[in-house]
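Residues or ranges marked as domain 'ABC transporter' by Swiss-Prot on the basis of sequence analysis: 4-246. For Gly36, Pro37, Ser38, Gly39, Cys40, Gly41, Lys42, Ser43, the entry in Swiss-Prot reads ATP binding site.
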Amino acid sequence: MSKLKLNDVNIYYGDFHAVQNVNLEVPARSVTAFIGPSGCGKSTVLRSINRMHEVTPGAYVKGEILLDGENIYGSKIDPVAVRNTIGMVFQKANPFPTMSIEDNVVAGLKLSGEKNKKKLKEVAEKSLRGANLWEEVKDRLDKPGGGLSGGQQQRLCIARAIAVEPEILLMDEPCSALDPISTLAVEDLIHELKEEFTIVIVTHNMQQAARVSDQTAFYSLEATGRPGRLVEIGPTKKIFENPDQKETEDYISGRFG
């Protein structure tokens, strides 16, 4: 059974139809990459998976997004609970700059009412180890998170996301602002994280999609102002070497987009 399933998903911002008729499945403990030209809706779909797009006034979804068979848009489902179960790492690292490294990691736990200092310290260490950051920061946990390098800040944000023990981790271009060395560190981390988490990543870097993902979804749009759509999804090797759709092949080979 798929961990995540989108059935006839259409996404709107007020009267604007942003994405149309997306159907896809994401297996548990795998990495799925979303690729496609700017404006095709891949980040919009990503944000709809944990209801983050709803912070935009007038945004809504038609269709179903199923997590372990349950529609996350069901009438009795709490969006905050959805965001705890489905974590998000954004394009720009966004640690709380004046908060200590340790407090950054456990901010979500504290927000949900956890006060046991021993547990908070244990979770902070476990999460920093999980984000391959512990050895670099273990002697300065009380220092501000804003003092870390860009790559370290992004891994700190990943540690913060996994501290609340989500089942799915969404990543919206997590390496776009990073140098090649920091990018490699995050990519290595993604390979390790999929042992425990289901990951969906949006990337403009097709080489990155090829390196880190098990399956790839290609999105496109017919023209500016038209809805984005899912053109094709399949095993990453097949999408990059022998896609079913000419549109996919043209994008990957650099003929458009």
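Cβ atoms are placed via backbone N, Cα and C, with glycine included.
Projection of Swiss-Prot feature records onto the structure.
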{"residue": "Gly36", "record": "ATP binding site", "Cβ neighbours (10 Å)": "24"}
{"residue": "Pro37", "record": "ATP binding site", "Cβ neighbours (10 Å)": "15"}
{"residue": "Ser38", "record": "ATP binding site", "Cβ neighbours (10 Å)": "10"}
{"residue": "Gly39", "record": "ATP binding site", "Cβ neighbours (10 Å)": "17"}
{"residue": "Cys40", "record": "ATP binding site", "Cβ neighbours (10 Å)": "25"}
{"residue": "Gly41", "record": "ATP binding site", "Cβ neighbours (10 Å)": "23"}
{"residue": "Lys42", "record": "ATP binding site", "Cβ neighbours (10 Å)": "29"}
{"residue": "Ser43", "record": "ATP binding site", "Cβ neighbours (10 Å)": "21"}
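Taking the mean position of the Cβ atoms of Gly36, Pro37, Ser38, Gly39, Cys40, Gly41, Lys42, Ser43 as the ATP site, the remaining residues of that chain whose Cβ falls within 8 Å of it are Thr44, Tyr219, Ser220, Leu221, Gly228. Confidence across the domain 'ABC transporter' (4-246), taken as the mean pLDDT and rounded to a whole number, stands at 95.
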